[in-house]
Amino acid sequence: MTSELVLQLLLTVAAALVGVGLYGALSQQSIVMVMMGLELVLGGVLLAGGAAWFFLAPELPDAQMLVVVALVVMAVEMAMGFAVTIAIYRARQVDMVDMATDLSG
Amino acid sequence: MLSDLSGWAIAAVTVLGVLSVASGIAVFVVDSMARATFALLGSFLAVAGVLLALDLVYLAVVTALMMTIEMAIMVVFMLMFMMNPAGLMPMTMVHNARGSAVLGAGAFVVLVLGIWLIDWPTRDVSRPPDSTRQLGEAIMGSHMLVMLLIGIALFATILAGTVLATARGRYDRFGSGLDAQQPADPVPGGLPR
């Protein structure tokens, strides 16, 4: 197999993760399940970053830094998501996104 | 140019890639929320396995450790906030499923078109002997600004998460003007301002 083909296959897997995660983030009603969809999207970014480093520019650390940033975004999203979930549930027992439409125009 | 990956590595990457997507789909298919969480963990562990095959040892280990702990915490939140954590009765909690599926599939198709139509560069690249050392030197050298910003962002997250998750703040104890003489604590004896 040529390295270009392997790269394309890996990026296709990453695109599938992004697509599935996008579906989940848009369709789920539970706040925690929405967060799981976003995590899947970020998992796709991790995979694409790793593949880009290995096949395109392993002599540079930039793609590795991108993976590190994606990992940090995951951690921040998770921490803030749980904090918001607790806050809104404590305030008015809301655990679904459909019940928290205060900011909808 | 032939791939630098060995035949075994390519086979492993293929299996793990399929596994990660299958687990990702299972997250939104299974009834039980606990099962959905562990399906997500399976997806991330497969991604970590691919990173391992790509010689990114440190990032693979960080991903696996971080996601294992994160999903363990997430199971607790699932049990706290979901109305059907064990999946004892089939239920779906979705809105606008068709539109979401179209958007998800559309994003996938656009990305795949780009991936397979682009003429990717093929060149002889020099691999670093140790990818972890390369990352470490970048963090402590040329890419230090990224790490500084990450540090600030994580610290802000700690503060914001604590503030949001606190049940009773100073306004609950001393009123909206912070002018109460005695704090309104459920059990007296709390610290004054």
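Please read every residue number as a count from 1 along the shown chain.
Glycine is treated like the rest: Cβ placed from N, Cα and C.
The annotation transmembrane segment is assigned in TrEMBL to B:6-29 (among others). Under 8 Å from some Cβ of the transmembrane segment (B:6-29) lie the Cβ atoms of residues 35-36, 39-40, 42-44, 46-47, 49-50, 53-54, all in the same chain and six or more residues away from its ends.
Beyond the ends of the transmembrane segment (B:36-54), by six or more residues, the same chain brings 5, 9, 12-13, 16-17, 19-21, 23-24, 26-28, 30, 60-61, 63-64, 67-68, 71, 74-75, 78 to within a C-beta distance below 8 angstroms of the stretch. For B:36-54 (among others), the entry in TrEMBL reads transmembrane segment.
Sequence-distant neighbours of the transmembrane segment (B:60-81) (same chain, 6+ residues past either end, Cβ-Cβ under 8 Å): 33-34, 36-38, 40-41, 44-45, 47-49, 51-52. Annotation comment: TrEMBL describes B:60-81 (among others) as transmembrane segment.
Positions annotated as transmembrane segment by TrEMBL: B:101-118 (among others).
Outside the transmembrane segment (B:138-165), and at least 6 residues removed from its termini, no chain residue falls within Cβ reach (under 8 Å). According to TrEMBL, the transmembrane segment annotation covers B:138-165 (among others).
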